[in-house]
Structures are given as structure tokens and as C-alpha cells.
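For reference, the structure discussed in these notes is given below.
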Amino acid sequence: MCSNGIFVSLLTLSLLLGKSCSETDTLHQGQFLKDGQELVSAFKIFKLKFFNFKNSENLYLGIWFNNLYLNTDSQDRPVWIANRNNPISDRSGSLTVDSLGRLKILRGASTMLELSSIETTRNTTLQLLDSGNLQLQEMDADGSMKRVLWQSFDYPTDTLLPGMKLGFDGKTRKRWELTSWLGDTLPASGSFVFGMDTNITNVLTILWRGNMYWSSGLWNKGRFSEEELNECGFLFSFVSTKSGQYFMYSGDQDDARTFFPTIMIDEQGILRREQMHRQRNRQNYRNRNCLAAGYVVRDEPYGFTSFRVTVSSSASNGFVLSGTFSSVDCSAICLQNSSCLAYASTEPDGTGCEIWNTYPTNKGSASHSPRTIYIRGNENKKVAAWHIVVATLFLMTPIIWFIIYLVLRKFNVKGRNCIRITHKTVLVSMVFLLTMIGFIRRRILSLRFGSTIDQEMLLRELGIDRSCIHKRNERKSNNELQIFSFESVVSATDDFSDENKLGEGGFGPVYKGKLLNGEEVAIKRLSLASGQGLVEFKNEAILIAKLQHTNLVQVLGCCIEKDEKMLIYEYMQNKSLDYFLFDPLRKNVLDWTLRFRIMEGIIQGLLYLHKYSRLKVIHRDIKASNILLDEDMNPKISDFGLARIFGAEETRANTKRVAGTFGYMSPEYFREGLFSAKSDVFSFGVLMLEIICGRKNNSFHHDLEGPLNLIVHVWNLFKENKIREVIDLSLRDSALDYPQVLRCVQVALLCVQENAEDRPSMLDVVSMIYGEGNNALSLPKEPAFYDGPRRSFPEMKVEPQEPENVSASITITVLEAR
């Protein structure tokens with residue numbers, strides 16, 4: 001449907017304009033496109049040229065709508081920029097296809113940016129198409145195109161044209177998404193990203209610096225569940241194939257007057273829909289009812305008063321953040337920080353961010369240029385207003401009593417009746433007054449300190465005394481959590497930059513950071529869109545702080561300022577086990593000796609949790625991605641958000657809230673909500689098989705005729721005495737201790753047996769894996785989830801979430817997978 005509409009648009013333009021022979025749409029191998037020259041598409045719809053913004057010498061290469069389609073007064077901007085983050089500082093820029101077929105942007109004779117690095121000595125040309133797509137093509141001898149080597153549609157900037165995609169490539173895992181500009185005349189990558197959700201593929205989201213800012217809701221039957229996009233003419237189609245999953249924007253193809261609908265995300269995170277009309281002008285459909293929800297950004301942000309003055313730096317009474325911040329970021333960070341009283345941009349173009357924790361003083365030197373300072377004052381006005389209300393109540397009370405006294409005298413109420421009525425009136429007035437004072441006090445505290453009360457309650461639950469926080473410059477030996485300020489975390493991660501992002505899990509994104517003392521840390525930030533919440537955060541913070549073992553990851557502290565909830569861990573240089581185990585190249589690092597050592601470490605960590613720690617802990621989410629590896633490839637168990645503490649005599653419990661990862665959950669936990677130490681044993685058995693085989697447990701789901709999962713695959717080969725066939729191919733050519741490998745396979749199958757009672761304990765696993773006592777291993781029984789090649793899982797009734805209740809009946813009401 002979308003492609004038909006685009007074809008009609010192109011055909012209409014062709015008939016209207018005809019083709020010009022005086023301009024070219026092609027750059028041949030060895031030719032140069034320089035500043036002042038243009039490539040113009042065949043029917044003059046788009047042009048490619050170098051340009052710069054007013055009052056800036058920086059040179060950019062971009063694709064524009066041609067002038068024929070714009071009013072002369074139109075404030076136009078390019079739809080695509082090749083070097084948005086790498087501007088050329090002078091006018092010497094040029095574009096060329098070199099002798100090896102590589103597409104390059106040059107500064108003088110030097111390579112500034114290599115857009116395509118695929119080498120070919122064949123005939124290669126660059127062509128600007130009438131769709132707005134810039135393609136590097138390898139040509140056959142007869143002049144026909146052989147293949148596309150590179151195209152601009154695979155690298156969108158802030159604008160979506162018909163034919164472009166939002167989603168990911170199934171083969172390369174490359175993501176197609178829009179990223180806002182940093183400022184009006186600064187096209188560098190900004191703070192807002194519009195694209196497909198990383199976890200739920202049929203949802204579009206806008207992220208602000210990695211945080212959920214807006215969501216379209218689920219795509220179902222050609223519509224999003226949130227009506228915002230549907231009602232405003234944002235028409236999409238969804239494609240899901242083996243080669244990728246993506247949304248394609250089509251616009252309103254039923255409107256015969258319009259064509260080339262575009263979507264642009266601006267610097268404030270607002271989606272703008274624009275369409276070109278046959279009257280040869282562009283109309284901006286910026287309707288406030290159609291904007292993506294999030295921060296509301298005004299010329300003067302809410303809660304701030306602007307002043308243009310020369311002020312001194314905040315170095316002594318605040319902090320300065322990197323130049324990659326926009327004014328939107330700066331105001332949002334100030335609002336999130338209860339100690340922030342003012343902010344300003346550090347650069348003339350409106351980027352950078354300077355925060356004051358005390359009011360800025362007008363002591364700038366004469367050499368400093370005036371800046372617009374935004375001072376936070378709205379909340380103080382509200383607090384002052386509430387003070388007036390309190391004073392008014394105190395003044396009104398005696399006046400009310402005096403009026404009552406006069407009324408009683410007028411009606412000749414005397415003696416005991418007068419006293420009784422007066423006492424009742426005084427009592428009611430006092431109750432009312434105290435109630436109002438209590439309410440006003442809470443209101444004032446809320447306005448002054450934001451979520452301070454909630455923070456205090458959370459600190460108490462974590463066992464932390466706030467009075468000692470500012471005195472504690474070093475971590476104590478009593479396992480207390482260190483409290484980090486939001487500013488210190490921002491500084492450590494360079495404002496949660498993409499370069500420092502290590503990955504993302506069910507909790508939220510994880511970043512690498514560097515503290516002021518030089519120590520490297522990993523920072524786990526609770527996402528607002530995360531399925532995990534405050535309970536899991538507290539659970540993990542408390543548990544890891546109290547558990548100390550060489551095979552458990554160490555938590556250093558947390559940050560709970562305002563709405564932020566972050567955990568700070570020791571940094572693991574080698575990421576997680578799945579990073580190596582399931583990658584066809586990186587898995588070669590894991591020889592059998594190292595794999596066995598990793599299994600040993602996991603066993604020791606689980607044995608400590610189940611038997612030897614101060615607390616008896618069931619992890620409930622043992623999997624490859626939760627096994628971190630330090631610089632010496634020693635394994636450490638992480639992610640205790642779902643862990644549960646058992647009493648000394650407690651052996652099992654049940655829950656109405658089943659949470660974990662499909663493929664690793666034991667059958668009794670998956671079906672009935674029952675969990676125990678044997679649940680972790682099952683998960684470990686699955687992980688053992690993955691380590692031995694080098695495959696994910698669910699890697700068979702595409703094979704409808706084959707086994708259900710890795711467990712069933714190994715079980716079938718075990719019954720046929722073909723265990724050697726399950727061993728990872730990367731291990732088969734190396735020197736293997738086959739008896740040890742076969743023993744590990746058998747131990748793993750014992751761990752994944754259907755009945756929990758049949759599975760060994762982790763203490764038994766230790767003796768089994770080393771073959772202590774020279775006892776032969778028992779034969780494993782049928783594994784879980786095995787019933788022929790395919791088996792349907794029992795239906796789950798999903799109801800609203802209820803709190804866990806250990807004494808409740810065994811019924812699953814909520815199923816959460818991660």
C-alpha cells in the first residue's frame with residue numbers, strides 16, 4: 001500500500017516537471033562534488049549539496065527538497081545530513097567515490113569521513129534518487145545496477161521519508177531510528193531518539209537520553225493502541241520477516257493533493273508531520289494535539305524566570321556538564337535535582353549546561369558575554385503563598401470565636417449552655433486548624449524537597465543513616481551502601497552517553513562509569529518503562545550488600561535522588577557470559593578448561609547462596625546474561641532483583657507473581673508458582689547445557705519439526721548414546737577431557753529432571769562434577785517440558801497483579817518474562 005502511494009507520487013511529479021538534461025543526479029568514480037555544486041535527482045525533487053548555517057563556518061553535506069517545492073520565505077532544513085557529528089571547519093569540503101569504490105567526504109586532500117568502506121575495483125557510481133535516497137551502486141558492464149553498496153536510507157538523521165524504516169535489520173542487527181538535532185542550527189545528534197522499542201518490536205518509542213519519554217502503544221490490526229498517532233494522520237505499516245522487523249511511514253496517500261509526507265523529530269522531542277502540496281509549497285502540520293507527550297518545553301521553562309546578564313562561573317557553587325547537552329536537557333536535569341537553583345547554556349549556540357546550587361552572582365568579567373540565566377523561583381513563590389494561608393488561619397480562628405460569642409449574646413444564651421457551645425466550637429476549630437496545618441506542612445515539604453520523604457523511607461529500609469552519608473568519604477567495612485549523588489553519577493558516565501552504555505536488561509540500561517578516585521564502575525539505572533520496580537531495587541540493594549563471595553558481583557552503592565534509582569557495581573571488564581558463549585567468533589576464547597572453570601565458579605556461588613551465607617537465598621534468575629566475567633574470566637553471579645530469602649527451616653514457597661526468564665524456569669515454578677533451591681538447580685542445569693553446547697536453550701524454536709529446546713535435543717542424543725554430537729563445534733578439534741565433558745552433560749540432565757525431588761542439591765552437584773568417591777552417576781529421568789518433538793504449554797490466566805503471599809494457594813495470576 002505504501003509503495004503504491006510512493007509510486008503514484010513519483011509518477012505525478014514526473015508528468016508535472018519533465019526531466020532536465022542540464023543537471024546530473026550521478027557522481028562517477030573519481031569525480032568530486034565540491035562546495036557550491038549540487039547533485040539533483042532526475043525529476044528535480046531532491047538535491048545534494050554542501051551548506052553551512054548562518055553565523056557558522058561549519059560545512060555540512062545534506063539532502064534537501066529542491067527549491068521548486070518551497071516558498072522563498074520558507075525556513076527550510078535538510079532531510080538528511082551525512083556528517084552531522086563531523087562538520088568541516090572550512091570551505092574545502094568535497095565528496096568523492098575513490099578508485100576502490102569507497103564513498104568519502106574530504107577536507108582538502110585528507111579523508112574527513114568514510115561513509116562506505118566496502119572496497120570494489122568495479123564501476124561504482126553515486127546516484128541521488130527521486131525518493132530522496134542517496135545510493136552507492138556497483139554497475140555491470142551494460143550500465144545496469146548490480147548491487148547497492150551503501151544507501152542513505154540506512155542511516156536516517158532526524159527526518160523520515162516514504163520508504164525509510166524504523167526498526168532493525170535481522171541479519172546485521174543494525175537499527176533504523178531518528179535522532180533529533182542538538183539545536184536549531186546545530187544538527188549534531190541530540191537527546192531524543194524515535195524508533196522501535198528494543199524489547200517489544202511492535203511499539204514505537206521516543207527516548208530522552210535513554211529514558212522512556214513517550215510510547216505509541218502496541219501495534220494491532222493496523223493501528224496503535226494509543227490514538228495519538230492514529231488521529232493525527234501518522235499512518236504506518238508494520239513488516240516482520242526473517243530479514244528484519246520495522247515500521248514504514250506512508251502518510252495520507254488518500255489525499256490526492258499531497259505527496260512526500262515526512263516525519264521529523266525536533267530538538268524538543270516533538271514529532272512534526274510535513275507534506276508537500278501540488279501548489280509547490282510545504283505545509284507544516286504542527287498541531288499541539290498531535291505532539292508526542294513528555295516534557296513541555298517553553299521559551300521560558302515552567303518554574304524558571306529568565307535574565308540576560310553577565311555572571312560568574314558556577315565552578316565553586318555548582319557544576320558544568322558536557323557540551324552535548326541541549327537547553328531542553330539542562331532544564332530537565334535542573335528540575336530533577338532538588339538542589340539546583342539556576343542553569344544556563346555554556347555555548348553561544350545554546351548547548352552545554354551549567355548548574356548553580358546557589359543563586360548566581362552578577363560578577364562576570366568584562367570579557368564575558370551576557371548569557372540567559374534561568375533561575376528557579378516558582379516553587380518558592382508557592383511556599384510563600386502557603387505561609388500566608390497558615391498565618392490567615394491563625395488570625396481567623398479568634399475572629400470566628402468572637403463572632404460566635406456575639407451571636408450567643410444576641411440570643412441571650414447564658415450560663416452552662418453558653419460555655420458548652422463555646423467549648424464545642426473551640427474544639428472543632430482546633431481540630432480543623434491542626435488538620436490544615438498538618439496538610440500545609442506536608443505540602444511545603446513536598447514543594448521544597450520533592451521526594452525527600454520517600455527517600456528517607458527508602459534509606460531506612462536499606463539500613464542507611466542519612467546523618468552519616470556526608471561524613472562517609474570511603475566505604476565502610478560493615479557492608480553499608482555508599483550513597484552517590486546524581487551529579488556524581490552524571491559526571492562518571494558523561495551524562496549516560498551512548499559510548500558508555502554497556503547494555504540493557506529487564507531492570508534498565510547499564511552504563512560504564514569512572515569515579516573521581518579513578519575507580520571504574522558499572523551503573524544500573526532503573527528505567528521508567530521497566531517491568532521491575534522499587535521492590536526489586538530494594539531487594540537487590542539489600543541482598544548484594546549483605547552477601548560477600550568471590551563469585552557474586554559486589555555492589556558499591558546506590559543513587560536515589562528524586563525519581564532516580566540506580567545501583568553502582570564493581571566493573572566487569574569482560575561483560576557477561578552470553579557475550580562470548582553465543583557469538584560465533586568470540587566463543588573461540590572459551591576453551592573447555594575455561595568453560596569448566598566458569599561452571600565451577602557458578603556452582604560455588606550458588607552453593608554459598610543456598611547453604612553457607614548468612615541468608616538462605618534463592619536467586620530465581622540464573623542465566624548466561626546474569627553471569628558476569630572479570631578481567632581474569634572469573635564468573636560472578638549478578639542481578640538479585642528477583643531473589644528471595646528463605647528461613648532456616650523453609651524449603652520451598654509459592655508465589656502468585658511468576659517472574660523470570662523463559663527457558664530457565666523450572667516446570668513447577670512455571671506452572672504452579674512453586675520455587676525452592678531446586679528451581680535454581682534447574683536453571684543451572686540449563687546453563688550447563690548451554691555452556692557445553694554453545695547454543696541457547698530456545699535456539700530450536702524456528703524448527704517446527706525438531707526438538708522443543710536444547711534440553712530435549714540433548715536428551716534425545718543421550719538416549720541414543722550420541723553425547724559427543726552435542727558438544728560445541730568450536731571445542732571438538734581441541735584437546736578435550738571427554739570423560740569430564742560427558743560427566744558434565746549427565747549432571748546437567750540430572751539437574752533438569754521434571755520432578756524437583758529427583759534433582760540433586762548444589763552440594764550434590766559439587767561431588768558429582770568432580771566424581772568424588774568414584775561413584776557412578778545415576779541415570780537421569782525424563783527432563784522437564786519433554787513430550788515428543790513439540791509440546792504446548794498450559795494456559796495461563798493473567799489477572800491484575802497481587803502481592804506475594806507465601807501461604808496463598810498455588811495459582812499463577814501474573815506471568816512476567818524477561
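Heads up, residue numbers simply count up from 1 along the chain you see.
Glycine is treated like the rest: Cβ placed from N, Cα and C.
It should be emphasised that the depicted structure is a prediction, and the values quoted were computed from it without experimental measurement.
Taken from Swiss-Prot, the feature signal peptide covers 1-22, and the record attributes it to sequence analysis.
Per Swiss-Prot, the feature topological domain 'Extracellular' maps to 23-387; the stated evidence is sequence analysis.
The feature domain 'Bulb-type lectin' is assigned by Swiss-Prot to 24-149, with sequence analysis given as support.
Taken from Swiss-Prot, the feature N-linked glycosylation site covers Asn123 (among others). In the three-state DSSP assignment, the secondary structure recorded for Asn123 (N-linked glycosylation site) is coil. Long-range neighbours of Asn123 (N-linked glycosylation site) (same chain, six or more residues apart, CB within less than 8 Å of its CB): Gln29, Glu138, Met139, Asp140, Ala141.
Annotation comment: Swiss-Prot describes Asn199 (among others) as N-linked glycosylation site, evidence class sequence analysis. The Cβ of Asn199 (N-linked glycosylation site) lies under 8 Å from the Cβ of no residue that sits 6+ residues away along the same chain.
Secondary structure from DSSP puts Cys353 (disulfide bond) in a beta strand. Here Swiss-Prot flags Cys330-Cys353 (among others) as disulfide bond.
The disulfide bond annotation in Swiss-Prot covers Cys334-Cys340 (among others), and the record cites sequence analysis as its basis. Mapped onto three states, the DSSP output places Cys340 (disulfide bond) in coil.
Taken from Swiss-Prot, the feature N-linked glycosylation site covers Asn337 (among others).
Residues or ranges marked as region 'CaM-binding' in Swiss-Prot: 585-602. Over the region 'CaM-binding' (585-602), the average per-residue pLDDT in this prediction is 94.
The phosphothreonine annotation in Swiss-Prot covers Thr655 (among others), and the record cites similarity to another entry as its basis.
Here Swiss-Prot flags Thr813 (among others) as phosphothreonine, drawing on similarity to another entry.
Asn199 (N-linked glycosylation site) carries neither a helix nor a strand DSSP state and counts as coil. Residues of the region 'CaM-binding' (585-602) grouped by DSSP class, helix first, strand second and coil last, total 15 helix, 0 strand, 3 coil.
Mapped onto DSSP classes, the domain 'Bulb-type lectin' (24-149) shows 3 helix, 58 strand, 65 coil.
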